[in-house]
Amino acid sequence: MSAFVSKYEDELIKTAKYIATPGRGILAADESTETIGKRFAGINVENTESNRQAYRELLFTSPGSYPCLSGVILFEETLYQKTSDGKPFVDLLMENGVIPGIKVDKGLVDLAGTNGETTTQGLDSLGARCQQYYEAGARFAKWRAFFKIGATEPSVLSIQEDARVLARYAIICQENGLVPIVEPEVLTGGSHDIKKCAAVTETVLAAVFKALNYHHVLLEGTLLKPNMVTPGSDSPKVAPELIAEYTVTALRRTVPPAIPGIVFLSGIQREEQATLNLNAMNKLDVLKPWTLTFSFGGALQQSAIKAWAGKPENVAKAQAKFLTRCKANKDATLGKYTGWASGDSAAFENLVVIGYRY
């Protein structure tokens, strides 16, 4: 089917293409107040607005990080915050060639008729909110759906419902000038092997792109944020080269070349692990018609937040840690990462957040 023709069509295509610039990626700094609170608890920092502002300012003002980043995903609170000297975060990012984006979903609700599966809420007010976010300076958005692997999961109902919701979100964003990042995440929890994850990922992605087509979404003005294909978290680990092979194969079977970029989520992967996997994908010698880059949260921030520990005197040290991960992932998007950033023990720390619920 033909894509919807929006008055923003040219801008959407230009923005999506820019975000997918080879050698650059996205910092996902859109943790909810509850989630950032759990990360702060791990470093004994109180979860206040001023501390959240200080931490985001640390990230956004890190010297040398801008050439590694094409976009930053913000939480709604952060979209309207300013630096300590009064400059809006949005202006700071744009002046340095980094496009601001915004998380627009409203979290998960249980999907009735399933075995504990979920769907994502927030469509009712989305159009009006997108207009407000565009006026505030955001130029792309993110919406996540979760798919768990179990004996009978993900169910057909879950796949079809979340694919429909992702497509509705995407077209509403495009009608209001925001590039949609479509994020169908197959969760890593479980003891399944990599082949099972690959099969589920392919099924989910096929359903998502079918729904995007039905809803006339402009693929050239859309970005995909999928999981990497890995074994379950309770299964034996495998080499980055195998993860790369299964992930790229799943994408080649399901993702149209009209999509300009695939920006991987890192999930609960350790910093170094996520970087090595991304690097292996970009080194893989097969046709990949899209840019393969990163949209990492914890896998860009773990070393930095630990070094910061809420203390102003640690800001420069934390920024140096953040820059190290930015440069490592920049190299990985080009298939040129050599492991030079693996010396920090925090790069290998478990990123599971106990009690986490999106």
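In case you wondered, yes, glycine gets a Cβ from its N, Cα and C as well.
Some features that Swiss-Prot has for this protein:
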type	residues	note
ACT_SITE	E183	active site, proton acceptor
ACT_SITE	K225	active site, schiff-base intermediate with dihydroxyacetone-P
BINDING	R52, K142, S266, G267, I268	substrate binding site
MOD_RES	S2	N-acetylserine
MOD_RES	C68	S-glutathionyl cysteine
MOD_RES	C173	S-glutathionyl cysteine
MOD_RES	C173	S-nitrosocysteine
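If you take the Cα of R52 (substrate binding site) and the Cα of C68 (S-glutathionyl cysteine), they are about 23 angstrom apart, rounded to a whole number. Put simply, K142 is the one of the recorded positions S2, C68, K142, C173 whose Cα lies nearest to the Cα of K225 (active site, schiff-base intermediate with dihydroxyacetone-P). Within 10 Å of the Cα of E183 (active site, proton acceptor), the following recorded positions from the list C68, K142, S266 place their own Cα: K142.
Most Cβ neighbours within 10 Å among the recorded positions R52, K142, K225: this distinction goes to K142. In the three-state DSSP classification, E183 (active site, proton acceptor) falls within a strand. Within 10 Å of the C-beta of C173 (S-glutathionyl cysteine) we count 31 further C-beta atoms, all protein chains included. The modified residues recorded for this entry are S2, C68, C173, and the Cα of C68 lies nearest to that of G267 (substrate binding site). Ranked by how many other Cβ atoms sit within 10 Å of their Cβ, the recorded positions C68, I268 place I268 at the bottom. The recorded positions considered are S2, S266; of these, S2 has the fewest other C-beta atoms within 10 angstroms of its C-beta.
Within the set of modified residues S2, C68, C173, the entry lying nearest in space to K142 (substrate binding site) is C173 (CA atoms). Of all Cβ atoms in the shown protein chains, 25 besides its own fall within 10 Å of the Cβ of the residue listed as 'active site, proton acceptor'. If you measure from the Cα atom of S266 (substrate binding site) to that of the residue listed as 'N-acetylserine', you get 33 Å.
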